[in-house]
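Quick notes on the structure that follows.
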Amino acid sequence: MNPVAPTRKVKPPRNRPSDRRQARKKARIKTKGIYLRAIKDAFVKLNPKSAIKNPVMFVVWVATLVTLAVTINPDLFGPNQQKNPQLFNGLLTGILFFTVWFANFAEAVAEGRGKAQADTLRSTKSEAIAKQLSPDGTIAEVPSTNLKQGDTVYVVAGDIIPADGEVIMGVASVDESAITGESAPVLKESGSDVASSVTGGTRIISDELIVRVTSDPGKGFIDRMIALVEGAERSKTPNEVALTVLLAVLSLVFLFVIATLPAFAYYADTPVNVPTLIALLVALIPTTIGGLLSAIGIAGMDRVAQFNVIATSGRAVEVCGDINTLVLDKTGTITLGNRLAEEFIPINGYSVEQLASVAWAASVFDDTPEGKSIVRLAEKLGIRYDLDPNLAQAVEFSAKTRMSGTNLPGGREARKGAVGAIQGFVRSRNGQTIPELDAAYERVSQQGGTPLAVCLDNEIYGVIYLKDIVKSGIRERFDQLRRMGVRTIMLTGDNHITASVIAQEAGVDDFIAEATPEDKISVIQREQAQGKLVAMTGDGTNDAPALAQANVGVAMNTGTQAAKEAANMVDLDSDPTKLIDIVSIGKQLLITRGALTTFSIANDIAKYFAIIPVIFAAANLQSLNIMNLTSTNSAVLSALIYNALIIPALIPLALKGVQFRPLTANQLLQRNILIYGLGGVIAPFIAIKLIDILITLVGLA
């Protein structure tokens, strides 16, 4: 291939105060746009095809048409003895119309947030010109939409990466803020399972890369995310479907009750007209939760999206609320990751300098953070192995051998790795291990570090102490999960002693030491066999089977394509700890739905006492008029006005969610019954009475 001239480095722009003010202004404009679009969409949703999807609100929709007909012709269902029936029926029609419209508005606002996110993602796509590399090394400029899987492209500083792909040559900094919102550039390089993955629409800000395209047009990561976000409102979760069926059954029961009332009213010599019966029906059916149910589900996905996580469906978010077990990798989730060499511990009569020299040789080709830290620590001591890298051969780490190193000139072998693996290697070369190694191993392990043994041929020189730090506050977060009934299991490749020390410090419930990728699937299957729901995170190709097996699998955006496709959530920030937040959001979704359902049903009690006593006042039920409402008209209008206004009043709560507290199921139930059950009874009594007073003052009673 023709040589490419080096490019100058481009500094990423800094966030100035004016930039932040502009960002806040854009956020306000975006919110205003969401509400303006929702107002329009709420009218569009009045069409019968949309209305019938919500059985409860469809009843109100039909009731609105009936009262409209009665407003036009008050004697439609027989002679009407009511004073000024057209005014009353007209007011009734208007209130019912706005009840349906407010429910549509709540759903449209929730959907609008998803559409806004889809628009943001869509804006990252560009019709850029790509520099396509042909097999003979020549560069041809083609539209990015013409690229297909398997093509190779060349990108330099300032270019937009034209399609999803894998880096096959080069090292560069990439700005992924258009997707993740994180301004810090991300290093991309070839030869890494994770850092070699790039996303179309991101921008390269320094150096250059050669990328192999991994997706066809319209099937890239951003395309899939747009499809997921825009399709969020169309798929109901199983719990949402079950609750919808329950609300529909309750509505049918109340419809049957209302249908039988005229006969009882005739027997009691207290005739009831059709508009009043319709008002009673609407007041009794659970319109509050019926109007907010879709918004709650869609908002759950939106709250996850605000954490920069894309869920494949509402079901994935909801399942998070029922999670019993979290399977977590130690490195990067529980600890800070990037273990660094802290100390050389020589044994067997060797000096620190001799151990550092062999460790340097075993790590000179190791590009991992751990390997580079070993080289740095040795060079800090002024130690290097006398080695010509051109005459040496790298030995890559593998999960099977659990060690890596260098084949040196003259047939010598420098290795570093797990203590057990190095012991086996030395024995296979007719060497011997000594008790001093076990003492060094235990010393490092008891400090929560990772011991790496170092050998040259059949002689063990000592142990490298790799230091890892448990993230601050992680123990408190695990305590919160435990109070919610969620069990945590830590997986680590460390030995049993190190794993035990870190598990105790972090406060996890269980751990698996010296874990392999197969252990992830085994522990998930074991937990699922006990009837538990399991969540886990992963980023590598070897994590894909476990991500697919888990009930909730969260793939890192920096992970491989296989991991993203196997998971049902993708974290754009690639932060494994976010799984804990996602579980909390799932539980908040379920709690919000339960709380508003409780509030809605409790509301019916107050509305019952508002309307029934005044309708059947002649049947000696006036004593039940404990609110002392002025008249039948004022009672009906007051109850229905409250019934309509409570829906927009609760939209912020439905979108934001009920405040989440890490409590047990019984404690949550008691709290919700007290706040939303008792509150759902008391609030309507007060509100309906105040509305009745206002109606009386304006002369509509």
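Glycine is no exception: its Cβ is also placed from the backbone N, Cα and C atoms.
Record note: Swiss-Prot gives Asp366, Glu370, Phe397, Ser398, Ala399, Lys400, Thr401, Arg402, Met403, Ser404 as ATP-binding, and the candidate from Lys330, Lys416 in that site is Lys416. Rounded to the nearest whole angstrom, the C-alpha distance between Asp329 (active site, 4-aspartylphosphate intermediate) and Asp539 (Mg(2+) binding site) is 11. Cβ packing within 10 Å was compared across the recorded positions Asp329, Asp539, Asp543, and the lowest neighbour count falls to Asp329. The transmembrane segment (635-655) and the transmembrane segment (57-77) are not in contact, since fewer than 3 Cβ pairs between them lie under 8 Å (pairs 6 or more apart in sequence). In the three-state DSSP classification, Asp539 (Mg(2+) binding site) falls within coil. For the transmembrane segment (241-261), the neighbouring stretch richest in Cβ pairs under 8 Å, chosen from 57-77, 278-298, 681-701, is 278-298. Within its own chain, the transmembrane segment (278-298) is flanked in space by residues 54-57, 59-60, 63, 66-67, 92, 96, 99, 102-103, 106-107, 109-111, 113-114, 232-233, 236-237, 240, 243-244, 247, 250-251, 254-255, 257-258, 261, 314, 318, 589, 592-593, 596-597, 599-601, 603-604, 607-608, 610-612, 615, 636, 639-640, 643, 646-647, 650-651, 654-655, which lie at least six positions past its ends and keep a Cβ under 8 Å from the stretch.
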